[in-house]
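Enquirer: Copied straight from Swiss-Prot:
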- H264: active site, proton donor (ACT_SITE)
- H79, H237, D241: Zn(2+) binding site (BINDING)
Amino acid sequence: MNAYQKTIGRAVTLSGVGIHGGAPASARLLPADADTGILFQRSDIKDSAPVCAHVSQIGATDLCTSLGAREARIDTVEHLMAAISALGIDNLVVEIEGPEVPILDGTSARFIEAVDSVGVVTQDAKRRFIRILKTVRVEAGNSWGEFRPYDGTRFEVEIDFECPLIGRQKFAHDVDEETFRKELSTARTFGFMKDVERLWAAGLALGASLDNSLVIGDDNSIVNADGLRFKDEFVRHKTLDAVGDLALAGLPFIGCFSSYRGGHRLNSEAVKALLSDETAFEIIEA
């Protein structure tokens, strides 16, 4: 457990396209002072106010996690937030050119590479953590998510698809920086060809391609020539998403998060439920 807050050594920029709109997008990561937190700002909108990376600022959870509202909304923050959280970075300003964080390769790997290229700086202020004190559970149909006390930071994510290629998969592991780098960071976002074609027809997912998505064909086979990176790559990516979504609690947590057939909306609802119950957690200093 890192005792002191961290930021990055210097600014670094990543460029690509937005997966939903298909337009050019870039993210410029800048160092920030201790106790700043993670701030997003639209650099393409004059006098745009910074938006705190916090669950209270979530604007939408359809297909991705979005922060802010209306014309200043920022979509698809989860892969970047997962990398930031896993690397133990507490303070950062993220300037976004366009309405989306670039999808890059559909994972967190490129964001980690960018941070590695500029280094991480330890700051004078102590880190704070959310320690889970009791179980908090949310349900939606046959899906559920819950926090419970645990001495560490653990994710237990289970998915269940009718598609035989995916089926029922579970990833259960304590997640620290090393685990995230090796087991989760390169797991790709995924989708079904029939859904991608439907989204394209509706003017959505215009930036989706085999370069940034794992695609399942109508015959339940992998369309990508390189196949799967892990036999359970699907649930690993869902866990990556959960790491990013739960980072919007505002502080790293000590406890276990479990989910069944979850997604961005369920993840955010679980965080909201936790933070709304003051008896369910305490803030501690490292």
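Numbers here mean position along the shown chain, with the first residue as 1.
Including glycine, each Cβ sits where the backbone N, Cα and C put it.
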Enquirer: Just name the most isolated of the recorded positions H79, H237, H264, going by other Cβ atoms within 10 Å of its Cβ.
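Expert: Lowest Cβ count within 10 Å among the recorded positions (H79, H237, H264) is H264.
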Enquirer: Measuring CB to CB from D241 (Zn(2+) binding site), give everything in the same chain under 8 Å that is also at least six residues away in sequence.
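Expert: In sequence order, E78, H79, A82, G263, H264, N267 meet the Cβ cut-off.
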Enquirer: So which other residues, same chain and not among H79, H237, D241, have a Cβ within 8 Å of the centroid of the Cβ atoms at the Zn(2+) site?
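Expert: Sorted by sequence, the hits are E78, A82, G106, T107, S108, A187, T189, K238, T239, L240, V243, G244.
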Enquirer: On the three-state reduction of DSSP, what should I expect for D241 (Zn(2+) binding site)?
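Expert: Looking at the DSSP assignment, D241 (Zn(2+) binding site) belongs to a helix.
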